[in-house]
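Engineer: According to Swiss-Prot, the protein carries these features:
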type	residues	note
BINDING	LEU36, GLY37, GLU38, GLY39, SER40, TYR41, GLY42, SER43, VAL44, LYS59	ATP binding site
COILED	289-311	coiled coil
COMPBIAS	313-326	compositional bias 'Acidic residues'
DOMAIN	30-281	domain 'Protein kinase'
DOMAIN	433-480	domain 'SARAH'
MOD_RES	SER265	phosphoserine
MOD_RES	SER320	phosphoserine
MOD_RES	SER410	phosphoserine
MOD_RES	TYR433	phosphotyrosine
Amino acid sequence: METVQLRNPPRRQLKKLDEDSLTKQPEEVFDVLEKLGEGSYGSVYKAIHKETGQIVAIKQVPVESDLQEIIKEISIMQQCDSPHVVKYYGSYFKNTDLWIVMEYCGAGSVSDIIRLRNKTLTEDEIATILQSTLKGLEYLHFMRKIHRDIKAGNILLNTEGHAKLADFGVAGQLTDTMAKRNTVIGTPFWMAPEVIQEIGYNCVADIWSLGITAIEMAEGKPPYADIHPMRAIFMIPTNPPPTFRKPELWSDNFMDFVKQCLVKSPEQRATATQLLQHPFVKSAKGVSILRDLINEAMDVKLKRQEAQQREVDQDDEENSEEDEMDSGTMVRAAGDEMGTVRVASTMSGGANTMIEHGDTLPSQLGTMVINTEDEEEEGTMKRRDETMQPAKPSFLEYFEQKEKENQINSFGKNVSGSLKNSSDWKIPQDGDYEFLKSWTVEDLQKRLLALDPMMEQEMEEIRQKYRSKRQPILDAIEAKKRRQQNF
């Protein structure tokens, strides 16, 4: 729908929504054109600002947390003004939904582009994207702000190829509770060791995440993506820094850049300003080298949408002839409470569809996913069904399943009674497991069998901590729902 932008150029540049606009209903200020995608925090729509004709993105977020925290984070976004950070124009609070109006980046996220093209990026493309990303991080860190969710899904490109940081301070960090639920615990693959260990962290935590993102762009997915997120939580602080699967494919400069990012000690990790002087970044080419891959990705998206529409039209004809009989080419939508039918999508839902890797990365990683045909609702905004339960993070479903298993099987207790002592079962801080050589086979087998119950106990502690933080927030929401207003 880029023709809308070309035929109706902005009459003036939108910098910020004025007070008059913020007192109106959002539908009076914007015309929604289409749904762009779905993220872990809600839906994203493409819209046009009626007064200026400017294209914007609107993220509709169901608010399940402390409104005061959200307002505080939005005030932080209002302070940011950089060409390398997605601009924030204003917000509307309507019922229990937060509508966030932001800068529109027509090419989508780097993660989207990788998935659509079915290709990883070249070193030149990665260097150009990293250069813009580092400039954005340098700005945020100069403002003493931490992004906390750097990954390919949160680096957006406009149609000219300029990379911009997204989901800073608003949808990516609504509150500590939501951030830990959807970022730290739900997708730990990009998180710095000090963040996972909760020992305090500063701006260079973003640099570790940037190093992981560099590997993600090169290989299609981050390290540890093939294992359960909860296991990754314990492995990242303990194991040596990750590196490329096939180092021989990459230049010394690129590998050294990643090495500088992935230093486990925060005090010794490079800053954004220092990394902008790294040879790999200083030799980066202009954004024009990204235009071909952007055009290719947008062409693929358009062709898929056209093909999907043809399938829908064909199936509609078949359905009209068969009078509500299911077509053999259609499948029931999982979890569809309305019982409607949709065409089976041929797109992979994972973060990686490259041939050399399996599609094992969990799909709900907080990265916007491209629409399937059934998600398109004629460009209208759709309010969240209040009867629907919010999607559970994968690790909570994992908890619940394990709890059921533990009720049936008391094996964990039996094993724990036979352990030598609790100190023997702690993960060595230096990663040295030489002491295992002195253990008997029987002791080793007991240790192996006891690992899962131990992990369940540690996860239960995390869950209890989550609950203790969540309940006061829920109580506060009830009090603040009576004060619905635009801001």
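A Cβ is built for glycine as well, from the same backbone N, Cα and C atoms used for every other residue.
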Engineer: Count the residues of the domain 'SARAH' (433-480) that DSSP assigns to helix (H, G, I), to strand (E, B) and to coil, and report the three numbers in that order.
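Structural biologist: For the domain 'SARAH' (433-480), the helix, strand and coil counts are 45 helix, 0 strand, 3 coil.
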Engineer: Just counting, how many other CB atoms are there within 10 A of the CB of GLU38 (ATP binding site)?
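Structural biologist: So the number of other Cβ atoms within 10 Å of GLU38 (ATP binding site) is 17.
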Engineer: Express the distance between the Cα positions of TYR433 (phosphotyrosine) and GLU38 (ATP binding site) as a whole number of Å.
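Structural biologist: For TYR433 (phosphotyrosine) versus GLU38 (ATP binding site), the Cα atoms are 43 Å apart.
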Engineer: Give me the non-local Cβ neighbours of SER265 (phosphoserine): same chain, 6+ apart in sequence, Cβ-Cβ under 8 Å, ordered along the sequence.
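Structural biologist: For SER265 (phosphoserine), no residue qualifies.
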Engineer: When you measure from the Cβ of the residue listed as 'phosphotyrosine', how many other Cβ atoms are you left with inside 10 Å?
Structural biologist: 9
